[in-house]
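Engineer: There's a structure below that I have some questions on.
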Amino acid sequence: MEFSQFKVNALMEITARPDLVFVRGQGSWLEDHAGKRYLDFVQGWAVNTLGHCAPEMKRAMAEQADKLMNPSPAFYNLPSIELAQRLTSASCFDRVFFANSGAEANEGAIKLARKWGRVNRNGAYKIITMNHGFHGRTLATMSASGKPGWDTMFAPQVEGFPKAEINDLDSVRALIDAQTVAVMLEPVQGEAGVIPATREFMQGLRKLADEHGILFIVDEVQTGMGRTGSLFAYQQFDVIPDIMTLAKGIGGGIPLAALLAREEVCVFAHGDQGGTYNGNPLCAAVGVAVFDTITAPGFMEAAQARTRQLSEGLLALSAKWSLRGERGMGLLRALVLDRDDAPAIVEAARMLAPEGLLLNAPRGNLLRFMPALNVTEADMARMLEQLDGVIAAVRK
């Protein structure tokens, strides 16, 4: 079937898409309508924890679909209870509210913090966030984000999100006032170019929050669920946040997110928060399967081996092509280029024949890599070899 035969005009135009339609996927590979295969190092922007169509997920979904799909969040269901127990047992948090997307989880975190401020800090509502941070595309989460240009898009913004600089504790300290209720950040700024927070900064934020009696919120929508080398990124900084959000990897490809909080922060009253599909057993059962897979013996050790392979490979390419190095945490990494030809490299990689390569360029001079956590050694080596050839072709 030719691309022109697909009625793509029925879809609302929100981004520039290439002329291809993906029809199937397996592991680290996708196949389009013409039968061409692509090695996928985007994986839905770090969504597909176990790759495409993971057997563990398919099995969990099929078994749950045969039992119960959505009785309404007004009632308890077993998979959501099981997943909540797993998440709290593996973290510093006591309670979980399930949602459907990262933006929805972050909206919940904002609401919970503001409610806590009303109860405990005389109505304090401001949440300090970071320049170049990304927290979602609802009005509140766009306002919380620090992407250039978003301060005027869909204006007026939701008020109450002063911006500090990541890894600059003084910039945070200068913004704290009587109306401040929390500080919120991504442990690794993904859209900004894969910029990790430093250990000193994260620990400084925790200390600053304690000194001023405010909350410390980590947005682990992209960094959580094994992506950065530990189950949750905050665990590598030796800090205890008050609130954490998860999405992307927790569902492994299906819409699932979570808002986690310590007991003393859980101030929602009945009716303060909700959602038609939140914590439905179908998605929660898949979340249990994803959690159990990545916490099984040997899984994270294998992912860490692929992290070393990716980091070393990117450093070798950087040295060969006189680039500016690589950075990141775990299997969320970036190759920093010496010029703004990342979009051209992404395009050339996708156009490779007979098999393409899918990469991401959040900045003109930067490539981001977000493979499945169970990517094979062979597929990692293949990607690095293909990328070397693409750089050569683009820069010839």
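Glycine too: its Cβ is placed from the backbone N, Cα and C atoms.
So Swiss-Prot says this about it:
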- Gly102, Ala103, Phe134, Asp219, Glu220, Val221, Gln222, Thr276: pyridoxal 5'-phosphate binding site (BINDING)
- Arg137: N(2)-acetyl-L-ornithine binding site (BINDING)
- Lys248: N6-(pyridoxal phosphate)lysine (MOD_RES)
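So where do these features actually land, and what's packed around them?
Structural biologist: Taking the Cβ of Gly102 (pyridoxal 5'-phosphate binding site) as reference, residues of its chain lying under 8 Å away and at least six apart in sequence are, in sequence order, His135, Gly136, Asp219, Val221, Gln222, Thr245, Ala247, Lys248, Ala257. Secondary structure at Gly102 (pyridoxal 5'-phosphate binding site), taken from DSSP and collapsed to helix, strand or coil, is helix.
Its own atom aside, the Cβ of Arg137 (N(2)-acetyl-L-ornithine binding site) has 13 Cβ atoms within 10 angstroms in the protein chains shown.
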Engineer: Using only the Cα atoms of Gly102, Ala103, Phe134, Asp219, Glu220, Val221, Gln222, Thr276, which the record gives as binding pyridoxal 5'-phosphate, return the largest interatomic distance in Å, rounded to a whole number.
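Structural biologist: Taking every pair among Gly102, Ala103, Phe134, Asp219, Glu220, Val221, Gln222, Thr276, the longest Cα gap is 25 Å.
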Engineer: Given the binding-site residues Ala103, Glu220, Thr276, which lie within 10 A of Arg137 (N(2)-acetyl-L-ornithine binding site) by CA-CA distance?
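Structural biologist: For Arg137 (N(2)-acetyl-L-ornithine binding site), the binding-site residues whose Cα atoms are within 10 Å come to Ala103.
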Engineer: Counting only residues 6+ apart in the same chain, whose Cβ is under 8 Å from the Cβ of Phe134 (pyridoxal 5'-phosphate binding site)?
Structural biologist: Ser145, Gly146, Lys147, Glu186, Gln189, Gly190, Glu191, Ala192
Engineer: Just how many other Cβ atoms lie inside 10 Å of the Cβ on Thr276 (pyridoxal 5'-phosphate binding site)?
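Structural biologist: A count of 9.
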Engineer: What three-state secondary structure does DSSP assign to Asp219 (pyridoxal 5'-phosphate binding site)?
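Structural biologist: Reduced to three states, the DSSP call for Asp219 (pyridoxal 5'-phosphate binding site) is strand.
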Engineer: Just name the winner among Ala103, Val221 (the binding-site residues) by count of other CB atoms within 10 A of its CB.
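Structural biologist: The most densely surrounded of these binding-site residues is Val221.
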